Amino acid sequence: MSHSFLVYQTVHGVDAFQIEFNDVSKEYSGGNRAMQDLSEIRQRLQHNLQEHIDRVEKLENRLRQPGDEDWEEQASQRSNDEVLQSLSTQARKEIDQIRRAIGRIDEGSYGRCTKCDKAISPERLELLPFTTTCVDCSTL
């Protein structure tokens, strides 16, 4: 059975409409705001995911390289390796967030706040496509 419904919400002073058809959402808002298609968001997330995976691979390849035999150079390399490890850890966290966002798109819950179940503003999703909370809930 096909279902559709319209949700109206004012977001940051802009009238926003969300129309849902069979778990496929499209965001619309007043004025010059263009339609955001979930397939485009999913493609962007997939691209971002691949970039992060490639970044982690490069960082880990760098970390596996043998160290210099000079003691002073080893100290410098250790410091650099700590930074690389931190970057790799952060990229892995973002990979997990991106994968979960793609999962939410696939299950039809993308764009809904996990705390209050209200629609997350298109502007927030544009900036943070893997966010799980609306602005109000993120500041609690």
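Each Cβ is built from the backbone N, Cα and C atoms, and glycine gets one as well.
Sequence annotations record features per position, and here TrEMBL assigns coiled coil to 35-62.
Among the features that TrEMBL reports, domain 'DnaK suppressor protein-like N-terminal' is placed at 43-105.
As annotated by TrEMBL, region 'Disordered' applies to 66-88.
Feature annotation from TrEMBL assigns compositional bias 'Polar residues' to 74-88.
Here the domain 'Zinc finger DksA/TraR C4-type' (108-137) has a mean pLDDT of 92 out of 100. As annotated by TrEMBL, domain 'Zinc finger DksA/TraR C4-type' applies to 108-137.
According to TrEMBL, the zinc finger annotation covers 113-137.
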Counts by DSSP class (helix H/G/I, strand E/B, coil) across the zinc finger (113-137): 9 helix, 1 strand, 15 coil
